[in-house]
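Here is the structure we will look at, set down as structure tokens.
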Amino acid sequence: MGLLLLVLILTPSLAAYRHPDFPLLEKAQQLLQSTGSPYSTNCWLCTSSSTETPGTAYPASPREWTSIEAELHISYRWDPNLKGLMRPANSLLSTVKQDFPDIRQKPPIFGPIFTNINLMGIAPICVMAKRKNGTNVGTLPSTVCNVTFTVDSNQQTYQTYTHNQFRHQPRFPKPPNITFPQGTLLDKSSRFCQGRPSSCSTRNFWFRPADYNQCLQISNLSSTAEWVLLDQTRNSLFWENKTKGANQSQTPCVQVLAGMTIATSYLGISAVSEFFGTSLTPLFHFHISTCLKTQGAFYICGQSIHQCLPSNWTGTCTIGYVTPDIFIAPGNLSLPIPIYGNSPLPRVRRAIHFIPLLAGLGILAGTGTGIAGITKASLTYSQLSKEIANNIDTMAKALTTMQEQIDSLAAVVLQNRRGLDMLTAAQGGICLALDEKCCFWVNQSGKVQDNIRQLLNQASSLRERATQGWLNWEGTWKWFSWVLPLTGPLVSLLLLLLFGPCLLNLITQFVSSRLQAIKLQTNLSAGRHPRNIQESPF
């Protein structure tokens, strides 16, 4: 069960305080206040971080498909038929890698972040990849997709090198092919998507300039003033406002559609030279995976969301934003907050689902590396306990600061009281001058300090439990590492002490019987037979 986060939205004056640890608090209150919600102050905001808790996904708009940036990760494997040519092949590989300055050469960690997502609305664009032996990441139904691009990912593309072409840029001899439903592309071209992004290297194989009449309008996603264009050469999308100039926005280095299509195929490198012989020799294959670089955006594939798509992926995916299961409740309700343990937080009966929380929250922006099932449960719980202990420390420090401010205010009030008594000394003091009862404020800071001390002790206890819970196992394994080899001799010695006397008696009896048999056999062989005495008839 995931940990439930509960945040109390306080009064507007306190909630306006910007705290780096609570961006959700600030964003949620801004959204509630802008919509005129009665729950903009004094309420509970609850969310679940469990990967199995239903969440809500919102598809990205067509314009966001042109602005969300992706990145590529490259890995390679040697051809199994390559023998005795590793040295020149390594030289060629280092040359080819120099042509990929904008590609990360360390593969990411793959896997779904959430597995129970409900898509709200219709996705304007979906990408379908079909491959016989690919990695299935999930499939969206066709009813939730406005336009579906189908990628022909069963092709195997090769780049051939000769000796004098070792330093030429690698590129797909045939780019991944995309098919569309009939009537999707209109015969309306534009020069808006000409050129290349200035922030990217021009040596990458997919950054070839678009030819004329190859940047076509997508009918289902365009209007009279706003066009969504497809560059079929680079498999990139562009958004153009016909009422404005050409230089409207900077195109991302790697677009989402380009990354998704490139990740469905791999580039094979072959060579012909005096090193490899006159025939075509396959050397290695590049496997390219893609990830979303824009913070807060995810691939939505079926009911799963992913931060990265592996090479040779299959399924039907779109991009969008995700929020976990969120609900709000009035602040006068009593919500139990577990300090330590794995008991789930019960859902409040009067809770209201907080659906309008959109992409600006960025709740899941930091979960791209995270991935379920990588760490051990015991380590996770110990880290969780440490985090809770740290939160208690932070809360104790906040209470200490508030108490210091109250003490300072009380000192100022008492000082003013003494000053007024001095000014009204002739009338007997301020109380007699006002003809009112004289009241004094009893400072409760001692009780507050005791409570803070208890919180700090509880945090220390939690931290020790978390540390000992993990380190005890680690220490036990250290003892096992040298005690375990002594277990065999100790067990053997114990068995010998238990059954040794019995075995010794059995061996003694066996030896004695054998000696008696040998002695009898010796007597018989020496002719010492007993005489047969016949009885006399008389």
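In case you wondered, yes, glycine gets a Cβ from its N, Cα and C as well.
Values in this document were obtained by computation on a predicted structure and should not be read as measured data.
Per Swiss-Prot, disulfide bond is recorded for Cys43-Cys46 (among others).
Here Swiss-Prot flags Cys431-Cys438 (among others) as disulfide bond.
Annotation note: Asn133 (N-linked glycosylation site) sits in a coil segment as assigned by DSSP. Other Cβ atoms within 10 Å of the Cβ of Asn133 (N-linked glycosylation site), summed over all protein chains shown, number 7. Per Swiss-Prot, N-linked glycosylation site is recorded for Asn133 (among others).
The N-linked glycosylation site annotation in Swiss-Prot covers Asn146 (among others). Non-local contacts of Asn146 (N-linked glycosylation site) by the CB criterion (under 8 A, 6+ apart in sequence, same chain) comprise Ile122, Ala123, Pro124, Ile125, Cys126, Asn220, Leu221. Asn146 (N-linked glycosylation site) falls within a strand segment according to DSSP.
The N-linked glycosylation site annotation in Swiss-Prot covers Asn177 (among others) and is backed by sequence analysis.
Look at Swiss-Prot and you will find Asn220 (among others) tagged as N-linked glycosylation site. Of all Cβ atoms in the protein chains displayed, 16 besides its own lie within 10 Å of the Cβ of Asn220 (N-linked glycosylation site).
Sequence annotations record features per position, and here Swiss-Prot assigns N-linked glycosylation site to Asn241 (among others) based on sequence analysis. According to DSSP, Asn241 (N-linked glycosylation site) is assigned to a strand segment.
Feature annotation from Swiss-Prot assigns N-linked glycosylation site to Asn247 (among others); the stated evidence is sequence analysis.
Summarising the annotation, Swiss-Prot assigns N-linked glycosylation site to Asn312 (among others). In the three-state DSSP scheme, Asn312 (N-linked glycosylation site) falls into the coil class.
Annotated N-linked glycosylation site per Swiss-Prot: Asn332 (among others), in sequence order, evidence recorded as sequence analysis.
Marked as N-linked glycosylation site by Swiss-Prot: Asn443 (among others).
Positions annotated as region 'Fusion peptide' by Swiss-Prot, on the basis of similarity to another entry: 354-374.
Among the features that Swiss-Prot reports, motif 'CKS-17' is placed at 414-430, with the record citing similarity to another entry.
Residues or ranges marked as topological domain 'Cytoplasmic' by Swiss-Prot on the basis of sequence analysis: 500-538.
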Cβ neighbours of Asn177 (N-linked glycosylation site) where a neighbour is any other Cβ within 10 Å: 15
Rounded to the nearest Å - Cα separation of Asn133 (N-linked glycosylation site) and Asn312 (N-linked glycosylation site): 8
Which of Asn241, Asn312, all glycosylation sites, has a Cβ with the fewest other Cβ atoms inside 10 Å: Asn241
Mean per-residue pLDDT computed across the motif 'CKS-17' (414-430): 74
